[in-house]
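Annotated features, as they stand in Swiss-Prot:
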- 4-278: domain 'DegV' (DOMAIN)
- S62, S94: hexadecanoate binding site (BINDING)
Amino acid sequence: MRKIKIITDSTAGLTLEEAAKWNIEVLYLTVEIDGKVYNPKTDITPEEFMVRMAETKELPKSSQPAIGSFVEAYEKYTAEGYEILSIHLTEKLSGTVNAARQAADMVEGNITVVDCDYTARGQAFQVLKAAEMAQAGDYSVEEIHAAINDIRDKTKLYIVVVTLDNLIKGGRVGRMQGFLGSLLNIKLIAKLTDGQLEEETKVRSNKKVLQYCLNLIKDEPKKIQQLDVVHANGLNLADDFIAESKEITGLTEIPLFFADPVISTHAGTGAFAFMYYTD
């Protein structure tokens, strides 16, 4: 039986139960609010983070795990006889995967580092598939890598930003453009493509957001195998989207998750995202 350890980072949004069930090692990105650093695993819940973020004038800062954290994890599991498959969010959004690559070069053993091209549950799709195959003990790292690449190629991720405040604070939207967008009640819908967030469209009401997003589901030519929803205090949109998506897709379960603080930092209050993969 092969011993393969799956390692990922916290932006995948795995629950503690998922990580425990599938024996996945999660390395945490941290967030800094008003000079204080928080580890989302031990120091602050996603809900508490949203409250703190609303209270601060400055955009919280996120930091990738230190290279030393990767080295420590890689040394631990290679010493126990594991091969390692380390799956991380797109390098277009964070330097996490590059830190993992540097650490892998410093540790002897069979360590494969993967840029999954996604984040949030789009990343989790690949991580959970890898962990399921690793736990079976019948597959090589190469076979698992090929399987998650297949899921990657069949995945789509969309995010709805209902307030431009955090994008303005982060310098991603000009202040005048953001001010006008707020006046016009503009909601931004973006798509993650090849690891890069790109504008899909802009609409002017939550009703039009819901209509547009549901049309994306309706117009998907292939059968949707898994559809997950993530929100940052965006339950109104998320709940309506889930209810109607069940009717469209025939899926009986569409899981809903609270966004990881790193994701919420950039998406802002009220955001929600949905991601799926097809057959």
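Glycine is treated like the rest: Cβ placed from N, Cα and C.
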In the three-state DSSP scheme, S62 (hexadecanoate binding site) belongs to strand
Going by C-beta under 8 A and a gap of 6 or more residues, the same-chain neighbours of S62 (hexadecanoate binding site) are L29, T30, V31, E32, S94, P261, V262, T265
S94 (hexadecanoate binding site) -> DSSP, reduced to three states, gives coil
CB neighbours within 10 A of S94 (hexadecanoate binding site), counting all protein chains shown, number 20
